[in-house]
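Got a structure for you, questions after.
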Amino acid sequence: MAAYQKKLEGFSGNIRVRMAPSPTGALHIGTARTTLFNWLFARSKGGTFILRIEDTDKERSRPEYEKNILDGLHWLGLDWDEGPDIGGEYGPYRQSERTQLYKEHIEKLLQDKKAYFCFCPKETLEAQKQDAESRGEVWRYPGTCRDLSESEIKQNQKDKKHSVIRIKMPNKKLSFKDIIKGESSFDLSLFGDIVIAKSTEEPLYNFAVVVDDHEMQISHIIRGEDHYSNTPKQMVIYEALGWQPPEFAHLPLILGQDKSKLSKRHGTTTSIDDYKNQGYLPEALINFIVLLGWHASGDREIFTINDLQQEFSLERVQKTGAVFNAEKLDWLNNNFLKQKPIQEIVEFLLPFFMREGINLGKFESTYVQKAILASMEKTKGVNEIIKMSEIFFRETEYEKELLIWKESTEEITKDKLEKSLDALRLFDEITFNKESYEQKLKEIYGEDKGSVLWPLRVALSGRKVSPGPLEIIEVKGVNSSTMCIEKAIAKLEK
């Protein structure tokens, strides 16, 4: 135990927080939010942030999920001071590598008669549970094996009877103050003696997490409200081991639009990988995630991660659930994207264009930049930008009927396009001026603006929705735009 003997008398007073994900799935919004709140708390207080991997679920834990979690957190811009990949004074940082430590503490509880072996068959316990439920009662373990003698225990073990290890729950009320939820109280007599381990070498979550948090000198446990019910169980384990518990802060649930806990049935992805692949920026996700339960003192909604390190406090975390608003995420992402220099925007969008079979490397960089800027004016999100800007990078096909404005005719449309073309031919690539051309178009359409601008838009883009026709000409140039209009006129002549 010497390797783990680190100041067992209590915390040193330094802020030390941790995130302890289970590698049983990919990184999702909930884990990312808890990580962010812990990270911000540590950074704002000059404390230490630890990453620990809780991989005691041997059947579901996968190394690829651990890698996904670490990669995803790095992508979000979150780092750690101690962890499985960088080590630290209080390691190892995977529960699967800390088995000996758990065993020693379990054996101590057994020796001190604060825990005991339970040999009750699963079938017996299940029958008791069903019987209680049929009477509308909540079942709790009746303590059948609580006071077995040493000889009875040894005989059961000799007979190779299946066993688990339970902790003796005190018959009292437990009260504590949660930083976010406030004063909390639990009647421990309602819990029954809970199982803390399958064997001395197989601790369950509530036991392992207490040992790890104490040994790593965690000062504050900041986690989701779904762990709130575990708190009294864990505090009993702290007391049984003679340790001072850390402070607790339970974050509000993330809710769907119907105010129920966010889940797959809401049709909203929670995978960080999905958001990354859909073109969301890490800084936009960070901003969005922090607003799922926290708010600044004023009306401000846009924050960089550096801003948040200055602004964040647990006192401004709400008690009630936080509603996941996908439109807010889109708005934030659009805001952050548009603030970037155009060169960075192009670099960011390159893989998304490649995914659609568009190689931007075939075009002049100035042209690409102008095309993307024009496309961003009326779009929200990467997918819309890619879709909108396709007209600048590939031929678009359309039926001639699309050229017709409302109740107009092919003949009238053709006439308007020919006049628009004649006006465009007064310019060349150097002399084209959007305002001057627009003035000439006004002379053509008079009171019916759409009769000219609609067919011109379709001729230049092949779309109902696109950047404005004058903006398209600015990007494509006079020569290319002339050919597009000529092609449209030819369609109407057939």
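A Cβ is built for glycine as well, from the same backbone N, Cα and C atoms used for every other residue.
Keep in mind that this is a model prediction, so the values were computed, not measured.
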Pick from 21-31, 428-438, 439-449: which range does TrEMBL record as motif ''HIGH' region'?
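The listed stretch tagged motif ''HIGH' region' in TrEMBL is 21-31.
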Have a look at 261-265, 296-300, 416-420 and point to the one annotated motif ''KMSKS' region' in TrEMBL.
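Result: 261-265 is the stretch TrEMBL calls motif ''KMSKS' region'.
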Write out the long-range same-chain contacts of Cys145 (Zn(2+) binding site), meaning residues 6 or more apart in sequence whose Cβ is under 8 Å from its Cβ.
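The list for Cys145 (Zn(2+) binding site) reads Tyr116, Phe117, Cys118, Phe119, Cys120, Arg166, given in order along the sequence.
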Report, as numbers and ranges, which residues of the same chain sit near the motif ''KMSKS' region' (261-265): CB under 8 Å and 6 or more residues beyond its ends.
29-30, 253-255, 321, 324
Per DSSP, how many helix, strand and coil residues does the motif ''KMSKS' region' (261-265) have?
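Within the motif ''KMSKS' region' (261-265) the tally stands at 2 helix, 1 strand, 2 coil.
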What whole-number Å value do you get for the CA-CA distance of Asp147 (Zn(2+) binding site) and Lys264 (ATP binding site)?
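Asp147 (Zn(2+) binding site) to Lys264 (ATP binding site), Cα-Cα distance: 46 Å.
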